[in-house]
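Comments concern the structure below.
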Amino acid sequence: MLKQIQKFLKLEAASGILLLVSALLAMIFANTDLNQLYFSFLQTEVAIKFGAFSIDKPLLMWVNDGFMAVFFILVGMEVKRELFEGSLSSYQKAIFPAVAALGGMVVPALVYWFINQNHPEYQSGWAIPMATDIAFALGIVALLSKQVPPALKVFLLALAIIDDLGAIIVIALFFSHEMSMQALTIASIAIVILVAMNRYKVTGLINYAIIGTILWASVLKSGVHATLAGVIIGFCIPLRGKNGEAPLHHLEHALAPWCSFAILPLFAFSNAGVSLEGMSLDKLASPLPLGVALGLIIGKPVGVFLFSYVAVLLGIAKVPEGINLKQIFAIAVLCGIGFTMSMFIAGLAFGEEEASENMLALARLGILMGTFVSAIIGYFLLKITTKPSLMKAA
């Protein structure tokens, strides 16, 4: 179990560096003479036709709706594995990170709402600061990996996985559009087939790829966000086959490098490019970016730590052995690294109409500010609270 976590941490740490480079490249492209090339490339129309069925979308939407669906297959499999075999497989293991994750979703949303309560045009962005970017957060932890207790890494992993699950629920409930009953019917049939294949332990992954593609296309056409199809596919991959095979582990192992080193960096490059032309300090301090940034910088750590602390006081949960509340607070600050997941939700909240483009740019600036500040403060807090001398004193 520990070896698997160490491999995962190494992978995500490398991915975090690549994400940072991708975001910096996007900002350079968006704010130099290359900006026209960058934005026109992202708006290039790409169409797929199969008889009467067709999908015609800009390249940016293929990244956000298509490639990110593959990432959410991985998320679905990770959540399933942790629920059945890992750090969320019992009430005692799950309750502490679950309560922390709940606080990390509720309080940032409240901070954003409080700052934007008099601006109805911005209020659809309330979910943006709820998210945590696991790759970036683990990248920071990896910089101090020799002195960070294993239990603290497991806590962050469990919290982030529950956080992802919360983001999935929010996307399903609040960011779906007008429904197409025909497409939903096809999607429902595909889900029934996937569940049946899981029930009868069908291990041929090509079968899941075929039915999964049908599910993704029908969900895309239905008005529900297409990435949710990825989560469903991930959940339907069997943990064990009839002859002891482990299809979920094999697919997770195969997809993880592609998601870490291709899909997430591509998503970051496609979504982090914000033109600063016409931006002023007044705009940067306006309610939308301020609500997002403060939701991540203040709301996340306060929510994660406060809910954890109250749960311990009430006897609902116990602090995992080998770590202390000071270290929990350092991890809570790192949870303010929203980046890719926050960018994803911002695209859903403000990305559909042309009139929303300015709001989306402001939201992205808020995410970049919140992520940067949370990463810097979180790093130094984690470094201080995990010093061997302090850990012995605790």
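Just so you know, glycine gets a Cβ as well, placed from its N, Cα and C.
What Swiss-Prot records for 11-31, 59-79, 95-115, 124-144, 155-175, 177-197, 203-220, 254-274, 296-316, 328-348, 365-385 is transmembrane segment, and it gives sequence analysis as the kind of evidence.
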Exercise for the section: Look over the recorded stretches 59-79, 124-144, 203-220, 254-274, 328-348 and say which has the most C-beta pairs under 8 A to the transmembrane segment (155-175). Expected result: 124-144
Practice task
Decide whether the stretches the transmembrane segment (296-316) and the transmembrane segment (254-274) have at least 3 CB pairs under 8 angstroms, with pairs required to be 6 or more apart in sequence.
Solution key: no
Exercise for the section: Six or more residues out from either end of the transmembrane segment (365-385), which same-chain residues have a Cβ under 8 Å from its Cβ atoms? Expected result: 23, 128-129, 133, 136-137, 140-141, 143-144, 147-148, 272, 274, 279, 284, 288-297, 300-301, 324, 326-327, 329-331, 333-339, 342-343, 346
Exercise for the section: May I ask whether the transmembrane segment (95-115) has at least three C-beta pairs under 8 Å with the transmembrane segment (254-274), counting pairs 6 or more apart in sequence? Expected result: no
Problem - Residue numbers, six or more beyond the limits of the transmembrane segment (203-220), whose CB comes under 8 Å of its CB atoms - result: 53, 55, 65-66, 69, 73, 183-184, 186-187, 190-191, 193-194, 197, 226, 228-230, 232-233, 236-238, 241-242, 245, 247, 250-251
Exercise for the section: Count, for each of 11-31, 59-79, 95-115, 124-144, the Cβ pairs lying under 8 Å from the transmembrane segment (328-348), and report the range with the highest count. Expected result: 124-144
Problem - Leading contact stretch, 59-79, 95-115, 124-144 vs the transmembrane segment (11-31) - CB distance under 8 Å - result: 124-144
